[in-house]
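As structure tokens, the structure follows; a few thoughts come after it.
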């Protein structure tokens with residue numbers, strides 16, 4: 001959407017307006033320094049961290065969509081065709097198929113929404129598009 005993103009040693013990702021650098025949102029979830037970011041084709045943001053995770057975020061809503069446990073410090077992320085490639089220190093990169101990541105996200109969201117229709121979450125109808 002044209003906004004800027006920055007990751008830092010304070011374990012947060014900040015989303016900024018490009019034209020005036022106004023802070024729009026702060027994304028929290030990592031437990032250690034954020035070392036790299038990559039924008040996916042659909043506008044979601046991937047972040048890699050010293051906490052050995054890759055997280056996929058919806059930057060418009062600030063919602064964490066999924067956490068991938070890399071089991072190594074993630075030093076770099078690259079989007080190449082339909083793949084998210086994670087680079088590590090002295091280890092071979094991992095290649096994650098983006099379509100499979102989103103299939104996993106859709107399945108989790110479907111299961112969450114179908115199991116939480118009891119009103120426990122007041123915004124569930126908005127979040128899950130339930131009638």
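Cβ atoms here come from the backbone N, Cα and C positions, even for glycine.
These features come from TrEMBL:
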- 1-26: repeat 'WD' (REPEAT)
- 27-67: repeat 'WD' (REPEAT)
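In the repeat 'WD' (27-67), helix, strand and coil residues by DSSP number 0 helix, 24 strand, 17 coil. With a cut-off of 8 Å between Cβ atoms, the residues of this chain six or more beyond the repeat 'WD' (1-26) that come close are 32-37, 39, 43, 45, 47, 49, 57, 59-60, 62. DSSP places the residues of the repeat 'WD' (1-26) in helix, strand and coil in these numbers: 0 helix, 13 strand, 13 coil.
On the 0 to 100 pLDDT scale, the repeat 'WD' (1-26) averages 93 in the predicted structure.
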